[in-house]
Amino acid sequence: MKNSFRFSFTVITTFIICVLVSGAMVNGQCSFPQPVGPNGKCVPKDCKSLCHKKYKGGSICTTGKPNICMCLVCRRRSPEV
């Protein structure tokens with residue numbers, strides 16, 4: 001009886017860990033920083049072009065220091081109508 005409980009507990013724990021890890025892998029990293037121009041400023045037009053060329057995704061220029069071009073590559077679910 002004690003061994004069957006231990007086995008069941010081990011199987012359930014392993015299953016839960018596998019589900020959590022696979023969920024993290026599916027989501028993955030959604031944004032990738034890209035270098036900005038030599039003046040250190042992110043130009044939205046250049047950022048958009050670079051991100052579309054490299055990742056086929058969207059882009060955003062962050063404000064503040066450092067000024068970074070972020071490429072957004074996660075697929076978003078479309079709202080259900």
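Backbone N, Cα and C define each Cβ position, glycine as well.
Remember, it's a predicted structure, so these values are computed and weren't measured experimentally.
Which of C18, C30 pairs with C74 is settled by Swiss-Prot: its disulfide partner is C30.
Reviewing C69, C71, the cysteine that Swiss-Prot connects to C47 via a disulfide bond turns out to be C69.
Checking C42, C51 against Swiss-Prot, the residue bonded to C61 by a disulphide is C42. Proximity note: of the listed disulfide-bonded residues (C30, C42, C47, C61), C30, C47, C61 have a CA within 10 Å of the CA of C71 (disulfide bond), given in sequence order. Here the CA atom of C42 (disulfide bond) lies 21 Å from the CA atom of C74 (disulfide bond). Proximity to C42 (disulfide bond), judged by a C-alpha distance within 10 Å, picks out C69 from the disulfide-bonded residues C30, C51, C69. Put simply, C30 (disulfide bond) is 16 Å from C47 (disulfide bond) when counted between their Cα atoms.
Only C51, C61, of the disulfide-bonded residues C30, C51, C61, have a C-alpha within 10 angstroms of the C-alpha of C69 (disulfide bond).
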